[in-house]
Amino acid sequence: MKLTLAQKILWVAAALALVAFAALVWTGGLRTSSSEESAQQAFRPEFRLEDAAGRPVTSEDFRGRYRLVFFGFTNCPDVCPTTLSEVAQVMDGLGSQADRVQPLFLSVDPERDAGAELAEFTSAFHPSILGLAGSPEATQAAAESFKIFFAREDDATAPDGYSMAHASALYLIGPDGDWLRQYEYGMPATDILADLQNRLEGSLP
Amino acid sequence: MKLPVAAVLAFALSAGLVHAEPVRQGDLEIDAAWARASIGTSRPGAAYFTVRNLGDEADRLTGLSSPVSAMPMLHETTVSEGVSRMAHVEAAEIPAGGELTLESGGMHVMLMELTTPLKEGATFPLTLTFESGGEITVEVPVFGPGATGPAE
Ligand SMILES: [Cu+2]
């Protein structure tokens, strides 16, 4: 069979389209399975830090409850208040079920965030938010356990000459300690609340 | 009957109902100024506003000053690959006929070395310096620590 040039071009185009379609299905499939929380490798983030009174607090202390975790620092007047006020809205929205969720603020800047000022910071947003800080090693260990990034960045135009870059999503840990999902920075509080309510009603893990 | 203006104003401020009136000077108009209450004075505060340029030429915001902060600076928060960081911005342009918006999670005035806590319901003066437009002072209302915009 002899093909004209136009026919060849058409065949090539069809082959390319098939490849593109297959790639789309494949990557689309990948995306679906990676966002499917159950398909993710289950892991249990852990931490060993201290509350504002200096008492040790570990992830185990909240067994049986969902944990809504945010990493931040109190010298952060822009992003951190935005997220913590969302957490406050979520906690208010949960109403009578609020005691089944423990919001936790883990400091990535323990040098400046220890003691009463940490509690003063978190309680300015919602009384239920528990602020925790620890040694640099304990902080690093907690971040690694949650698989999140943070780094101290020297900056002459920041208080004390440095600022903290940090992962700014909210992380949800289930009652048995398993990582369930993250809520991206900027996700509306109403969406986070709806997701949590689904879980509390048992229609999601 | 004379209204107890001060009392009404104090109530309105405490309820966060007062919006700063837009301040117009030359071709520039400053609107929707607000600040977030601070945690004492050892933690920085943040303030926001919108600048409208009603003229035919671009202008630049180059400086800030306020009696409440010994070190006010223009900062920008960026979130990339889920990681947020703040960086200093030397100057910000307001295009001709356009506007510059400072907002939660974006560009903000970082009020460092506070001389007084920013208390919800209070106001403070903030002076903006523009390359061509000169100095403009606005009175900034302080909203709650969890406020995220001028409408709260
Ligand atoms: Cu800043």
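The backbone N, Cα and C atoms fix where each Cβ goes, and this holds for glycine too.
These come from TrEMBL:
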| type | residues | note |
| --- | --- | --- |
| DOMAIN | A:38-201 | domain 'Thioredoxin' |
| BINDING | A:Cys76, A:Cys80, A:His166 | Cu cation binding site |
| DISULFID | A:Cys76-A:Cys80 | disulfide bond |
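On the structure: features taken from TrEMBL.
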| residue | record | contacts (Cβ under 8 Å, 6+ apart) |
| --- | --- | --- |
| A:Cys76 | Cu cation binding site | A:Met164 |
| A:Cys80 | Cu cation binding site | A:Phe70, A:Gly72, A:Phe73, A:Thr74 |
| A:His166 | Cu cation binding site | A:Phe71, A:Gly72, A:Phe73, A:Val108, A:Ile148, A:Phe149, A:Phe150, A:Ala151 |
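Averaged over the domain 'Thioredoxin' (A:38-201), the predicted model has a pLDDT of 92. In the three-state DSSP scheme, A:Cys80 (Cu cation binding site) falls into the helix class.
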